[in-house]
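**Q** Can you read through this structure? Questions will come right after.
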């Protein structure tokens with residue numbers, strides 16, 4: 001049997017969890033109950049559970065620390081996190097640390113049962129305790145799921161679906177009937193970090209659980225597939241059931257919005273139009289995509305349909321003006337001018353009005369591409385520039401509003417401009433570094449500003465100005481500093497006469513050397529030697 005520990009500082013919650021389900025029938029055994037984090041850790045060590053159901057906030061050791069320390073004791077231990085709405089930040093962290101699932105208070109019997117069944121199935125697979133019949137059933141189900149999800153793969157990649165209902169059902173193992181055929185999408189806008197450590201897997205499972213519960217009884221056929229931060233669903237139902245199906249979609253979204261306590265982000269539901277045959281699913285998908293993009297304009301947390309109308313006719317002119325302004329910004333390597341070009345494009349789009357979320361994404365992605373082409377034409381070396389547009393699109397895809405998209409664009413192009421500015425600075429200072437190295441190696445020679453500027457390939461006046469800007473000293477001050485430092489070393493470490501030291505550090509006039517040395521150190525060379533040798 002699967003061994004379970006329950007941990008919650010509220011005794012009534014622990015009792016509720018114990019009473020809600022038939023643990024023996026589920027092939028599970030409660031081996032311990034804890035009321036604080038330290039007791040829970042002790043039970044993990046002594047009772048070696050396979051699953052822990054724990055409150056996210058407990059005295060002694062909170063849920064996050066409990067997961068971390070428990071994983072050190074038993075890396076295979078699974079967790080179900082129980083949370084109230086006010087603890088959403090802790091709950092989100094729990095997902096990042098690898099909690100297998102979560103439950104919101106007040107705990108419901110059906111949700112607890114479904115979650116326990118899922119965790120029990122994982123345990124059986126991990127411990128290889130599945131019967132031969134169950135292994136065969138899972139393999140067949142996996143093959144069936146692969147065929148059914150293959151429809152989404154073809155649809156999303158633009159492959160034409162089989163003609164006719166019979167051919168469609170045969171190709172993808174569906175059992176669709178004449179009626180309405182429709183695509184919907186669920187968009188999750190959240191921080192990129194939630195995708196790591198398996199955190200988004202839990203979100204996917206919740207989305208699937210909620211929409212299956214809401215729609216499978218309403219539809220002849222229903223299937224769901226995940227693509228990044230989107231879930232795509234296909235529906236087949238009788239035309240007379242269209243109002244009920246829409247209500248079910250709305251109810252599923254409402255239930256999903258409750259789950260925001262576990263996801264630092266937003267949910268949006270976009271639906272395509274109902275089509276009379278599977279051949280129309282591609283058109284329905286396009287509409288569902290456009291509907292989800294529209295969240296950037298109309299807001300998240302809504303059920304959206306594809307926008308009507310032709311969009312914003314000013315978009316092309318705004319893109320062209322952006323290109324001209326950004327050309328100047330890049331020529332001058334002026335980050336403020338680059339930001340002004342972005343703001344001008346944004347203001348122009350908002351003043352024109354009527355734009356769609358899809359247009360916003362295309363315009364801003366095109367701006368990234370334009371920036372890279374202009375930079376390349378100006379012979380700038382842009383590390384990763386060929387993927388700039390792709391990286392922007394990936395980040396923008398997780399934005400929940402138009403403001404977020406513009407902020408993302410400003411951030412990426414500002415960062416890129418900083419890279420170019422640093423390259424320019426490095427290019428400008430490289431000759432100065434060369435000059436300083438030359439001075440360090442030839443300080444004993446009769447060096448002049450003109451001689452060293454010729455070495456690095458600059459005119460004397462430009463070299464003098466750049467040297468002062470980069471070092472804070474003029475050429476003669478730096479040369480004198482190098483010579484004096486070497487003179488001090490020779491006076492401390494050798495028995496050379498002051499006259500010999502004078503010559504070795506590049507001076508031909510002993511009187512001038514002595515005067516310069518005293519000015520630099522406050523001491524004459526002989527006095528310095530007596531004091532420091």
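Numbers run from 1 along the shown chain.
Just so you know, glycine gets a Cβ as well, placed from its N, Cα and C.
The annotation domain 'Response regulatory' is assigned in TrEMBL to 3-120. The 4-aspartylphosphate annotation in TrEMBL covers 55. As annotated by TrEMBL, domain 'HTH araC/xylS-type' applies to 433-531.
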**Q** Kindly state the mean pLDDT of the domain 'HTH araC/xylS-type' (433-531) in the predicted structure.
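**A** Taking every residue of the domain 'HTH araC/xylS-type' (433-531) together, the mean pLDDT is 93.
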**Q** Taking DSSP states H, G and I as helix and E and B as strand, how many residues of the domain 'HTH araC/xylS-type' (433-531) are helix, strand and coil?
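**A** For that range the per-state counts are 75 helix, 0 strand, 24 coil.
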**Q** Does residue 55 (4-aspartylphosphate) have same-chain partners at least 6 apart in sequence with Cβ under 8 Å from its own Cβ, and which are they?
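**A** Correct list: 7, 8, 9, 10, 13, 63, 81, 82, 83.
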